[in-house]
Amino acid sequence: MFQGNNLSMKPVMPRVRAQDEEEEDLVDPQQTLREQCHEERKCTALHEKYMACNDRVNSRSKTTELCNEELFDYLHCVDACVTKSLFFV
């Protein structure tokens with residue numbers, strides 16, 4: 001029997017532990033592929049174009065120029081490269 005308010009209403013969270021005692025750092029394959037694809041000549045050229053635009057915009061105090069197109073071109077290049085290896089092994 002329960003007497004008074006001795007019943008705890010805290011949820012019990014089970015603990016799950018790995019079988020191995022040694023912990024290994026997990027590596028996200030997408031991040032690794034992004035770094036590799038960034039090094040490809042086409043993507044590197046688009047990144048340099050984006051950085052040049054970014055530097056130009058940041059050097060001005062008043063401008064309406066944005067670097068969206070350059071950023072999207074670069075990200076599209078990296079994503080297309082990653083997709084080839086990540087999903088079609």
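Placed from the backbone N, Cα and C atoms, the Cβ positions cover glycine too.
Curation does not apply to TrEMBL; its annotations are automatic.
TrEMBL lists CYS37-CYS81 (among others) with the feature disulfide bond.
The number of other CB atoms found within 10 A of the CB of CYS53 (disulfide bond), across every protein chain shown, is 17. The disulfide bond feature in TrEMBL is assigned to CYS53-CYS67 (among others).
If you look up TrEMBL, you'll see 28-87 marked as domain 'Ubiquinol-cytochrome C reductase hinge'.
Residues or ranges marked as region 'Disordered' by TrEMBL: 1-30.
Separating the Cα atoms of CYS53 (disulfide bond) and CYS81 (disulfide bond) is a whole-number distance of 23 Å. Taking the C-alpha positions, the distance from CYS81 (disulfide bond) to CYS67 (disulfide bond) comes to 22 Å.
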